């Protein structure tokens with residue numbers, strides 16, 4: 001790829017970003033799109049924006065940029081939680097590190113690379129390889145500058161990582177301490193309860209914890225097979241809200257709606273009265289025996305946080321496949337669907353998911369090879385001469401080599417997160433945040449392999465196709481081949497940052513799928529109620545891997561091909577503004593992991609640093625610079641020692657909750673008298689059916705005499721609300 005192709009790709013992506021950023025500044029002012037770009041802040045829209053002739057609505061502005069820039073970290077924490085702060089800290093860390101790397105590499109390393117050889121073409125026709133370490137002669141005395149730059153970048157990254165890890169660890173401890181009223185601190189999720197014909201699951205749970213945790217056991221709540229009921233209730237609530245918004249009459253019985261898609265008659269939809277018809281009664285409980293619907297899963301409540309912590313950490317029986325205990329997630333975070341699955345089959349699922357993951361990664365090599373063949377079109381033409389006719393026009397060749405490969409790869413990568421989310425769901429995560437974090441790790445592994453390593457190996461294969469394919473497969477030559485291929489593949493990584501980085505931020509601002517969803521509801525279904533469109537949580541499983549992948553590309557290419565650094569810095573600056581805006585206005589925080597994304601960020605950054613140093617060691621060896629090679633080895637050892645120190649010093653806080661912190665919280669609540677209030681709220685905290693559907697459940701309860709009769713017959717159910725679904729049942733000690 002030459003400079004002209006890079007400029008073509010840069011120009012196209014800059015134009016796309018400018019258009020989409022301007023379009024976003026207009027769309028966010030439209031009253032009909034408030035639910036897309038402002039999430040829960042519907043009531044804060046100024047009334048003058050309802051005027052269709054308000055001129056400011058159609059003029060691009062930078063007000064959202066100013067608002068995102070001036071927002072404090074406290075505001076971001078209050079809006080997006082600790083996970084949002086951790087994610088933005090990763091973006092700020094990248095800006096700081098690559099700013100230092102940009103100053104050193106662009107003003108020291110890049111000129112040395114360019115003038116490494118004396119013969120040069122016109123700057124427009126120059127290949128991008130002249131700006132990489134490939135252009136430096138073997139045995140050059142100037143390779144010490146590359147080694148010095150590597151030392152400075154690694155030292156700066158480690159220092160910043162240390163202070164960030166230390167700060168975020170304090171924030172996590174403060175987050176735990178501030179969550180006094182969280183019911184998850186008192187709740188243990190018990191799975192794999194042994195089945196017995198003589199006793200129900202509920203009776204066995206009560207006996208077990210009464211016998212072994214008599215002083216700390218408070219009560220328990222069984223989990224029932226109600227997944228289908230929950231989905232029906234949730235869908236019914238959404239449809240009810242959608243039809244309710246079109247009401248022109250306050251009397252439900254006389255409401256008539258028109259279908260906006262086919263132009264149907266005014267009797268297309270009719271909403272019936274929620275009141276039961278006179279003379280008609282139906283049985284709500286065809287099968288009052290709830291025992292048949294019990295799962296081998298229960299939520300057990302304890303009197304203190306420390307007791308719940310001890311119970312969750314210990315092995316309850318010699319058989320580790322029974323009475324499995326974990327600290328329960330928050331009520332809004334718990335993933336009910338996976339609780340119904342028998343615990344004993346999860347290990348089989350995990351093996352199957354691992355095999356499926358490997359097969360999917362292998363299959364994805366096909367688009368990677370295709371995109372790399374487009375980048376190195378001149379080399380492919382030697383293998384397939386018929387392609388010369390396609391690339392005769394200069395602009396077409398620049399478009400194919402500079403823009404098309406990264407676009408094709410980005411399109412294929414868009415299907416990866418949904419598939420990985422399915423994999424993580426099947427693995428059996430008990431929390432929504434845990435499922436998203438597991439998806440984040442899978443997507444991260446996938447993009448590191450397929451975007452970085454697979455492209456490098458494909459580059460090496462294309463370079464050595466005519467020599468011998470077996471030469472690439474020789475293990476002795478793989479380090480040298482990788483060291484040669486990384487600087488060459490850096491030209492593709494530059495265009496990938498432009499397309500997947502800049503363009504992805506533009507799409508993140510525009511929100512194309514919610515925009516289409518909103519348009520369908522508003523103009524096809526004629527739904528005018530903004531609150532019924534739903535809300536979205538921040539996609540950490542896609543954005544964290546993207547930021548970390550660009551960090552990997554920045555570290556590995558900073559010394560070898562520093563031309564990527566200006567484009568990376570532009571991406572991270574734009575990401576800082578865009579993500580802050582999305583967290584403040586667009587996404588709703590329904591649940592969070594409490595900063596558990598930071599260990600992923602830290603470990604990936606250390607991996608990127610060590611990989612960069614190993615590749616540089618190989619390059620210095622190929623360039624026959626023994627001094628630079630010998631100085632790189634201690635740097636690798638020091639980086640690994642730093643990582644081990646952080647793992648011992650900070651990481652345990654993210655794996656386990658400190659007992660001292662929990663005990664201090666228990667003592668404070670006992671002295672202040674808050675314990676009794678917490679005990680009263682625990683049984684009603686976990687509700688299998690979505691809380692939005694409770695009103696429907698209450699209406700059902702009031703009109704169902706079977707439910708009321710069953711509640712009087714069952715002594716261990718204390719409230720009618722507990723029978724809105726079979727999944728709400730608390731067995732208390734006498």
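Just so it is clear, glycine is given a Cβ too, placed from its N, Cα and C backbone atoms.
Positions annotated as domain 'CSC1/OSCA1-like N-terminal transmembrane' by TrEMBL: 5-164.
Under the heading domain 'CSC1/OSCA1-like cytosolic', TrEMBL lists 185-338.
Residues annotated as domain 'CSC1/OSCA1-like 7TM region' in TrEMBL: 349-620.
Annotated region 'Disordered' per TrEMBL: 713-734, in sequence order.
Per TrEMBL, the feature transmembrane segment maps to 6-27 (among others).
Here TrEMBL flags 86-110 (among others) as transmembrane segment.
Counting only same-chain residues 6+ beyond the ends of the transmembrane segment (142-163), those with a CB under 8 A from a CB of the stretch are 93, 96-97, 100-101, 104-105, 108-109, 112, 116, 133, 136, 555, 558-559, 602, 605-606, 609, 612-613, 616, 620, 623, 625, 627-628, 631-632, 635, 639, 642, 646. Annotation source TrEMBL lists transmembrane segment at 142-163 (among others).
According to TrEMBL, the transmembrane segment annotation covers 351-370 (among others). Same-chain neighbours of the transmembrane segment (351-370): 408-409, 412, 416, 419, 423, 426-427, 442, 446, 449-451, 454-455, 458, counting only residues six or more beyond its ends whose CB sits under 8 Å from a CB of the stretch.
Residues or ranges marked as transmembrane segment in TrEMBL: 403-423 (among others).
What TrEMBL records for 443-462 (among others) is transmembrane segment.
For the transmembrane segment (547-579), the list of distant contacts is 10, 17, 65, 68-69, 87-88, 90-92, 94-95, 97-99, 101-102, 105-106, 109-110, 113, 128, 131-133, 146, 149-150, 153, 157, 444, 447-448, 451-452, 486-487, 490-491, 493-494, 496-498, 501-502, 505, 508-509, 600-601, 604-605, 607-609, 611-612, 615-616, 619: same-chain residues at least six beyond its ends, Cβ to Cβ under 8 Å. The transmembrane segment annotation in TrEMBL covers 547-579 (among others).
What TrEMBL records for 600-621 (among others) is transmembrane segment.
Using a Cβ-Cβ cut-off under 8 Å and counting only residues 6 or more beyond its ends in the same chain, the transmembrane segment (627-646) has close neighbours at 143-144, 146-147, 150-151, 154, 158, 161-162, 165, 602-603, 606, 609-610, 613-614, 616-617, 620-621. Sequence annotations record features per position, and here TrEMBL assigns transmembrane segment to 627-646 (among others).
When Cβ-Cβ distances below 8 Å are used as the criterion, the transmembrane segment (86-110) is approached by residues 73, 76, 131, 145-146, 148-149, 152-153, 156-157, 160-161, 164, 167-168, 538, 540, 543-544, 547-548, 550-551, 554, 558-559, 562-563, 565-566, 568-569, 572-573, 575-576, 579-580, 583, 595, 597-598, 601, 605 of the same chain, each at least six residues removed from its ends.
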